[in-house]
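Asks: Once you've had a glance at the structure underneath, I'll fire off some questions.
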Amino acid sequence: MLYNLLLSHIHNSHIANLFHYITFRSGLAIIITLSLSFITGPILIEFLRSLQKNGQPIRSDGPESHQTKVGTPTMGGIMIILSSCLSTLLLADLTNKYIWITLFGFISFGIIGFIDDYAKVTKNNHYGVRGKSKLLLQGIISFIICVLLEYLDKSPSHLLNVPFFKNLSLDLGYCYIVFAIFVIVGSSNAVNLTDGLDGLATVPIAFTAGSFALISYLVGNLIYSHYLQLTYIPNTGELTVLCAGLVGSCLGFLWFNAQPAEVFMGDTGSLSLGGVLGIISVITKHEIVLAIVGGLFVIETASVILQVYYFKATKGKRIFKMAPLHHHFEKHGWAESKVVIRFWIISVIFALIGLSSLKLR
């Protein structure tokens, strides 16, 4: 909005010239989202606390230390969604189709998460909306997004780029749509499973969003994409602004979500953030890189899948003391802060490996 207004009304000023640069607008997006989080955070937390008498329901079979979290309000993801969307609307090019498609998915997944959080709070249990119902809604939204991308792109690509290999890509044909839906839904739920400790998911999300800010910028730039031998996708550079806003809003949220958390992001935040990262990876054709950069989310999800299947196959035996994996280490006696910080370190390593794929091929 601000970007479009400046370009349409102020042509020959230094300010207008600065707004031509995606890097400048991205930096400004981080500052704005951080500022909004710091200003609105206390107000939103107090408002959520007044509406939620018991806060987010805490599982009775979880680590004993989690019982100290009773009464902590949830739905803090509203803060992240609002600040990210506002900064994007202010600073991104609103004539860009990818911005609107991504915002549509971001908000839609946030609504699903909000409904789930609302059900948990009102029923005072941790079950919320049925898993199959959530998956169905996520699948429908992801399908709509994929159809929009197919329709709006003049020559939609169904290629799956393989990182670390030069000019290696797989043509999935129309099966790519099914794959893209799997990526978006899978990413949304993987982040959701990881969000189980104070601050645990927030920083890895910021690392992943920051990585895709760089990827979006490079893929959307003809010179850089040619130099790095990446698939050039025009207009994806504007997603850098959105990704930068996600980084700032996550860091701002961490201020209140660090142990001991004053608020949880809830499914409102985790489903929307995971979903938007999946959407951006599909648009930029870096779906496999998302699995690398977000390797922590993949590991957490894999631990749940392995636990469930092993439990059923052995009729009651478990691989881990508790799944997802972060609870396993808590049950082993690790302090929550130690689990969180060590998982952050792992997340940094995955992000560096994923980003190295841009050059190593």
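Glycine too: its Cβ is placed from the backbone N, Cα and C atoms.
Sharing the feature lines straight out of Swiss-Prot:
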type	residues	note
TRANSMEM	28-48	transmembrane segment
TRANSMEM	74-94	transmembrane segment
TRANSMEM	99-119	transmembrane segment
TRANSMEM	133-153	transmembrane segment
TRANSMEM	168-188	transmembrane segment
TRANSMEM	203-223	transmembrane segment
TRANSMEM	236-256	transmembrane segment
TRANSMEM	263-283	transmembrane segment
TRANSMEM	288-308	transmembrane segment
TRANSMEM	338-358	transmembrane segment
Asks: I need to check the long-range neighbours of the transmembrane segment (288-308): which residues 6 or more away from its ends have a CB within less than 8 Å of a CB in the stretch?
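Replies: For the transmembrane segment (288-308), the far contacts come to 160-163, 183, 186-187, 189-191, 193-194, 204, 207-208, 211-212, 215, 274, 277-278, 281, 318-320, 323-326, 328, 343, 346-347, 350-351, 353-355, 357.
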Asks: Short question: most Cβ pairs under 8 Å with the transmembrane segment (263-283), which of 28-48, 74-94, 99-119, 168-188, 236-256?
Replies: 99-119
Asks: For the transmembrane segment (28-48), I need the partner stretch with the highest count of C-beta pairs below 8 angstroms, choosing only from 74-94, 168-188, 236-256.
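Replies: The stretch with the most close Cβ contacts to the transmembrane segment (28-48) is 236-256.
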Asks: Near the transmembrane segment (338-358), which same-chain residues lie under 8 Å Cβ to Cβ, leaving out any that are not at least 6 residues past its ends?
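Replies: Contacts with the transmembrane segment (338-358): 163-164, 197-200, 203-204, 207-208, 210-211, 214-215, 218, 228, 230, 259, 289-290, 292-296, 299, 326, 329-330.
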Asks: Is the transmembrane segment (99-119) packed against any residues at least 6 beyond its ends, judged by a Cβ distance under 8 Å, and which are they?
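Replies: The answer is 56, 74-75, 77-78, 81, 84-85, 88, 92-93, 127-129, 134, 137-138, 141-142, 144-145, 148-149, 152, 184, 188, 192, 238-239, 242, 266-272, 274-276, 279-280, 283.
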